[in-house]
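**Student:** First the structure, which I've put down as structure tokens, then a few questions once you've had a look.
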Amino acid sequence: MSNAILVINAGSSSLKFSVFRDHGDGDPVVTVNGQISGIGTQPVFEAKDAQRRPLADKSWGAGEAGDRTALLSYLLDWIEERLEGATLIAAGHRVVHGGVSHAAPVLLTPALMDELDALVPLAPLHQPHNLAAIRALAEAHPELPQVACFDTAFHRNQPWQAQTFAIPRELTEEGVRRYGFHGLSYEYIARRLPEIAPELGDSRVVVAHLGSGASMCAIHGGRSVDSTMGFTALDGLPMGTRCGTIDPGVLIYLMRKGMDAGAIEKMLYNKSGLLGVSGISNDMRTLLDSSDPHAQEAVELFCFRIAKETGALTASMGGVDALVFTAGIGERSAPVRTRVGDKLAWLGVEIDAAANLANATKISTPGSRLPVYVIPTDEERMIALHTRRVLTGR
Ligand SMILES: Nc1ncnc2c1ncn2[C@@H]1O[C@H](COP(=O)(O)OP(=O)(O)O)[C@@H](O)[C@H]1O
Ligand SMILES: CC(=O)OP(=O)(O)O
Ligand SMILES: [Mg+2]
């Protein structure tokens, strides 16, 4: 009999889920995936099978909108009806912040939940929703083991220079340090790249994870050695609504002008980035389609900063052997990749226009000094693999 693993990636208003079947050998295989969107307003449940065929949809009235326990209980019942003899052995969650002490996934306990609660201020856009889903699932199914897979874990063994801010040492010791995020995505890419390009071996790779949250990572020999995100998922690249790297003097200026922490947090997390610069949208597609000069400036700033960080991460590794694009924008936006590629001509990047337009796996020309890849990320698969390992030791 086979085992099944439920994978959950909970966001502010949506809960993405996948069910993996584990036959014991090879990677677990996804059988269904979907999401509950509109949590808090008008929840809608959608699911697809492995061939992307729609399986179900359901919506709820506003009265049940915020009851995550009831929504998860519905989801669990729905999944259990479709297990076809498999045993659901665990739920694996993406938990964005694991703090200093977690360099690997772990089985969730009430004591660990308290520890992870303390990290909510460090990831206000993600952590509360990750933990709410874990609590709701524990309430609906107390017997089901749950595993936390941290977005910070892959970066925890970076060299100390990459993890340290130049601030008084006591603060570093207290945990005010650079953590880095999107680790599950980078770990997946580090695992996948050698299958796609075995000749790269233990090489130096810059990976750009460009989704609604965006960051970049320097991976040397399969390990993270530097990343653009820091103490929080606000640092580094500008994102859909987040500012990215900013002179801390700006925060002092805003505080002196009378803004409190809550107002600054809201502005930097929710009103900045592509949305703040364009004044139009946080969605790259809308901006690329717009002729508004502010929309064009937002796109230009995004691409400029990706190119600039590529330089910084290349210096961190003493060179670079490949560049990889992944996540929503990275996997699907040929115009963004073209612009970044043009700005990296000095590194020997030459983008093949036709391959780029087709979102091909390799988008650089045969003559390009730096090979450039597009690799779809799969954070869910990484979570399923980690969850299986924690539960079964395999
Ligand atoms: N064809 C496309 N061209 C440009 N941007 C796209 C395209 N498809 C998706 N995106 C962008 O990808 C973003 C979502 O990326 P994704 O990795 O799914 O984010 P997340 O998992 O963080 O929600 C959207 O905000 C959208 O701007
Ligand atoms: C860490 C982070 O920014 O995640 P996301 O891209 O899902 O917002
Ligand atoms: Mg994402």
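Note: Cβ is positioned from N, Cα and C throughout, glycine not excepted.
All TrEMBL annotations are machine predictions without curation.
Pulled from TrEMBL, these are the listed features:
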BINDING   ASN9, GLU379  Mg(2+) binding site
BINDING   LYS16, HIS209, LEU210, GLY211, SER212, GLY213, ASP283, MET284, ARG285  ATP binding site
BINDING   ARG94  substrate binding site
ACT_SITE  ASP151  active site, proton donor/acceptor
SITE      HIS182  site 'Transition state stabilizer'
SITE      ARG242  site 'Transition state stabilizer'
**Student:** Cα within 10 Å of ARG94 (substrate binding site): which of the recorded positions ASN9, ASP151, SER212, ARG285, GLU379 qualify?
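**Tutor:** Qualifying among ASN9, ASP151, SER212, ARG285, GLU379: ASN9, ASP151, GLU379.
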**Student:** If one looks at the chain holding ASP283 (ATP binding site), which residues at least 6 apart in sequence have a CB under 8 angstroms from its CB?
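**Tutor:** When sequence neighbours closer than 6 are ignored, ASP283 (ATP binding site) has GLY240, LEU274 within Cβ distance under 8 Å.
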**Student:** Let me know how many other Cβ atoms fall within 10 Å of the Cβ of GLU379 (Mg(2+) binding site).
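**Tutor:** The Cβ of GLU379 (Mg(2+) binding site) has 24 Cβ neighbours within 10 Å.
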**Student:** Provide the three-state secondary structure of LYS16 (ATP binding site) computed with DSSP.
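**Tutor:** Where LYS16 (ATP binding site) sits, the three-state DSSP reduction gives strand.
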**Student:** Could you tell me which of these binding-site residues, ASN9, SER212, has the fewest other Cβ atoms within 10 Å of its Cβ?
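**Tutor:** Taking ASN9, SER212 as the binding-site residues, the minimal 10 Å Cβ count falls on SER212.
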**Student:** Of all the recorded positions given, HIS182, ARG242, ARG285, which has the fewest Cβ neighbours within 10 Å once its own Cβ is left out?
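**Tutor:** Fewest other Cβ atoms within 10 Å, among the recorded positions HIS182, ARG242, ARG285, is found for ARG285.
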**Student:** Is ASP151 (active site, proton donor/acceptor) helix, strand or coil when read with DSSP?
**Tutor:** coil
**Student:** Quick one: of LYS16, ARG94, which of the binding-site residues has the smallest count of other CB atoms within 10 A?
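**Tutor:** Per-residue Cβ counts within 10 Å for the binding-site residues LYS16, ARG94 bottom out at LYS16.
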**Student:** If the ATP binders are LYS16, HIS209, LEU210, GLY211, SER212, GLY213, ASP283, MET284, ARG285 per the record, what's the largest distance between their Cα atoms, in Å?
**Tutor:** 22
**Student:** With H, G and I counted as helix, E and B as strand and the rest as coil, say where DSSP puts ASP283 (ATP binding site).
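**Tutor:** Its secondary structure by DSSP: coil.
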**Student:** Looking at the recorded positions ASN9, ASP151, HIS182, ARG242, GLU379, whose Cα is closest in space to that of SER212 (ATP binding site)?
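**Tutor:** When the Cα distances are compared, ARG242 comes out closest.
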**Student:** List those of the recorded positions ASN9, LYS16, ARG94, LEU210, ARG242, ARG285 whose Cβ lies under 6 Å from any atom of ligand 1, in sequence order, or write none if there are none.
**Tutor:** ARG285
**Student:** Around LYS16 (ATP binding site), which of the listed recorded positions (ASN9, ASP151, HIS182, ARG242, GLU379) come within 10 Å, judging by Cα atoms?
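**Tutor:** Among ASN9, ASP151, HIS182, ARG242, GLU379, the ones whose Cα sits within 10 Å of that of LYS16 (ATP binding site) are ASN9.
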**Student:** Can you figure out which of ASN9, ASP151, HIS182 (the recorded positions) comes closest in space to LEU210 (ATP binding site), comparing Cα atoms?
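**Tutor:** Considering only the listed recorded positions, the nearest one is HIS182.
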**Student:** Distance between ASP151 (active site, proton donor/acceptor) and HIS182 (site 'Transition state stabilizer') at the Cα atoms, whole Å?
**Tutor:** 5
